[in-house]
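Some features that TrEMBL has for this protein:
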TRANSMEM  B:39-63  transmembrane segment
TRANSMEM  B:83-103  transmembrane segment
TRANSMEM  B:115-135  transmembrane segment
TRANSMEM  B:161-183  transmembrane segment
TRANSMEM  B:223-242  transmembrane segment
TRANSMEM  B:262-282  transmembrane segment
TRANSMEM  B:303-324  transmembrane segment
TRANSMEM  B:344-364  transmembrane segment
TRANSMEM  B:371-387  transmembrane segment
TRANSMEM  B:407-433  transmembrane segment
Amino acid sequence: MASRKIHAIYTDDDLLMQAVKQTRAANYHISEVFTPFPVHGLDHAVGIAPTRIAITSFLYGLLGLSVAVLMMNYIMIQDWPQNIGGKPSFTFYQNMPAFIPIMFELTVFFAGHLMVITFYMRSKLWPFKKAENPDLRTTDDHFLMEVDADNHDVEKLTKFLYDTGASEISLIENEQDH
Amino acid sequence: MSSHYEAPIREPLVLGEKSYHDISVDVGAPILGKANKSWWIVFTIALVAFLWGLGCIIYTVSTGIGVWGLNKTIGWAWDITNFVWWVGIGHAGTLISAVLLLFRQKWRMAVNRSAEAMTIFAVVQAGLFPIIHMGRPWLAYWVLPIPNQFGSLWVNFNSPLLWDVFAISTYLSISLVFWWTGLLPDFAMIRDRTNSPFQKKIYGILSFGWSGRVKDWQRFEEVSLVLAGLATPLVLSVHTIVSFDFATSVVPGWHSTIYPPYFVAGAIFSGFAMVQTLLIIMRKVSHLESYITVLHIEYMNKVILLTGGIVTVAYAIEFFIGWYSGVPYENYTYLSFGAATGPYWWAFWALIICNFVVPLTLWVKKLRRNIVYTFFVALIINIGMWFERFDIIVVNVSKDRLTSSWAMFQPTFVDIGTFIGTIGFFFVLFLLYARTFPVIAQAEVKTILKSSGESFKRLRAEHGDDSSHIQKVEEYPADAGPAANVEGKHFDTVFDDSDEEDLENNSVDLELHKGKIDTLLSGVGTFNPEVQKQDDLKKINGIGPVMEQKLHQIGIFTFDQVSRMTDREYDLLDEIISEFPGRAKRDDWAGQALMLKNKN
C-alpha cells in the first residue's frame, strides 16, 4: 500500500510545539516527530502514551534481588556452610546482614542494565543499525514533523503546514507501508 | 506553551549569542578539526608514562609482589592507596550526572559528559590494582561465584573484599551504560554533520542508529531519570563498601564507624577536584569557555567546600575519639598526636594542609571564581586526598600493637612507576576521549539554552519576562505566514538575509572609505592571490553571500584576515559597511574564523 507523508521542517522548538498543537487541533495525524533534543512536553502534545520503561526497571530490580538471595542462600547456607569470623551461617536469616551489600548491588545491576537493554530493543538502537532520521539537520538544529497525507488534499495540507510556520515542506511517497 | 522563564538573578550558563546550531558547531569542532601541537605533546608524555607503568606491571607479575616495598608489618601500601584514590576520583562523575539530575541542576549539563568519562577512566585505573595484587591476574575470574573444579569452593560472601568486586563492577558497568546512552544523540549529531565518510561510518556505529524520534526521547528521558535514581544510592554504596574493607577489621584507626559517610564525602571531594583539574584545561584547549563558565567552576568549588567541610569534621571526630578512648594504640593512628609528631609527621601535615587548610580559602568569593587559583587548589586537593589514603593505610599499620614489629614503608621504583603509569593511562584515555567524543552533552545544553542562555536572558530583560521572542509567535495567528520567531537570533533558514537582499546592487563605496579600508587592511593583513587561496567566508556564521561580496571588495578573502580583527577593525568595518552595525562583533567573526582557520 502506498502511503504519502508530508515532512514539515521547523527551526525552533517552540514553533514546533505550536505547530504540533495546531496540526492536532485540525485533525491531521502526526505520524512522527524528529527533534535534535528532548523538547519538554512534546510527547504529551503529540499524544503518545507515557512510557512504561520505569515499570520494567522495577521488575528487573526485583529479579536481581531474587537472584542475589537465591545465589547466596545456595552458596553460603545450603551448599557449603562455613564458619567465617564467627558469622552465623545456619540460616539465611542469621547471615543476611552480611549479604545486604550484594543484594543491593545486584538489584541495581539488573534494574539498570536490563532496563537499558529494553530501551535499546524497543527503540531499535544497536550497533550497525542505520539511522532513520529523514533529514540530517534534525540532529543539529532542525525539527521535523511527519504528517499523514493519505485521504487529505495535499495542497490544502501544505498550505496549512506553511501557515504553522514550517520553513520547508516536502511530500514523501512510500511504496510500501511498514 | 512551556515557559523558558528563569529568575534573572541567576547568571547565564551559556555565554554569548548562541543558537542551537552554534552549540553543535562548538561541540563538534574538536572532533571535526585536527589536533594541535600541544595535544600531541601532552599525549606523548602520557603515553610514555603509561608504557613505563605497563613495564612495571609486567615486571611485578613476572617476578612477584616482592618487587614492591611491602614488608611484614606493612603488607598493604601504595597498591591499595592508589586503588582507593582512583575509586574516589571516580565518584564525581556519577554524582554530577545522577544526583544533580535528580535535583534538576542545570549547570550539570555542561560538565556531566566529561565527569562521567573521568569516572569510567578512573575506575579502570582503580580496578587494575586489585588485579595486579592478585599476583596471578589470569586467575582474576576466581573472584566470581562460578562453579569450579575444586568441588564446591565458593567465594566468601561475608567478605567486604568480595562486596568490592560486586560494587565496583556494578558501578563501572552502570556508569558506562549511563554515559553511552547519553552519548547516543551527540554521536548522531557528529554522524550527521561530518563530511568524512570514515567518520560517518564510525559515528554511525557508535550512535546505534539514533534518529531522535519523539518516542525515543520520551524513553531516553525516563531511562536517564531512572538510571539517576539507581546510580545515586549506588555511588554512595560503592565508597561505603570500599570503607568496609577497613572498617570491618580490628586494626586501630581502621575500625571506625564513621568511615562510610566520611569516605563518601572524601570521594566526592577528590572527584570534584579532579573534574576541576581536567575541565579548566579542557575549556581552554577546546574553546568551550562559553559553556564551561566561571559560574560552573564556582558551583563545583562550592561542592568542594561542602564535602571538604564534611571531611574536616570527620578528621576532628577521629582525632577526638582516638584521644577520648584512652586506648594507647589509638595514639598511633593516622589522626592522633602521635602521628602528628611521629616519623610520618610529614604525611600527617600534608593531609591537614592540603585537605583542610587550603580548601578553606574557597570561602572567599574572589578566589572561588578565580580560575587559575581554582586549578591550583584542585591540584593540592588531589595530592591531599592521596595522602589521606596513604595515611589511613600506611600510618595506621606502621605502628602495630607489638612494638617489635613497628616498621616504615619505603616504595620501590616499581611502586612509583605503577602509580605514574596509571596516571599516564588515565590521561591517554582522557585525551583520546577529548579528541573523539562530544565532550559536552550538546543535546542537553540545547534544552537549557532558552532559559539559561545569555542572549535569551538579555532578550527577556529587554522585552520583559512575558513577551520574549517566543510570545511573538503566539500573539500572531499562524496564518500570518511563516512565523518569524528569529528576532534577535539568526538561525540558518531558507528565509535568511540572502534572499531578501539585492545581490546585484551591492557595492561598497570604495572611494569614500579609502582611508578606512587602508587602515583596516593594515590591521588584518592583505591578500595576495598569487600565493594564498581564498576561503569560503560564508562558513562564518553571520556572513552571507552579500556580506562576503562586500568583504571581497574591501580586500578580505581569508579566514586568517578575519581572525585578526579586533574591536578597532570591527568599528572600521561597521563604518565602511553600515548595514549591520555590531554584527561582526556580536557573532565573534574573529573567533569563528580562528577555529575555521585551524581546521584547514
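Just so you know, glycine gets a Cβ as well, placed from its N, Cα and C.
Among the recorded stretches B:83-103, B:115-135, B:161-183, B:344-364, B:407-433, the one sharing the largest number of Cβ pairs closer than 8 Å with the transmembrane segment (B:303-324) is B:344-364. Using a Cβ-Cβ cut-off under 8 Å and counting only residues 6 or more beyond its ends in the same chain, the transmembrane segment (B:407-433) has close neighbours at 39, 42-43, 45-57, 59-60, 67-74, 77-79, 82, 86, 114, 117-118, 121-122, 124-125, 128-129, 132, 278, 343-344, 394, 398, 439. No contact links the transmembrane segment (B:161-183) to the transmembrane segment (B:371-387), because fewer than 3 Cβ pairs that are 6 or more residues apart lie under 8 A. In this chain, the transmembrane segment (B:223-242) lies close to the transmembrane segment (B:83-103): three or more C-beta pairs between them fall below 8 angstroms, excluding pairs fewer than 6 positions apart. Same-chain residues lying 6 or more positions outside the transmembrane segment (B:371-387) and placing a CB less than 8 Å from one of its CB atoms are 81, 85, 88-89, 266, 269-270, 273-274, 276-277, 280-281, 294, 297, 301, 304, 308, 347, 350-351, 353-355, 358-359, 361-362.
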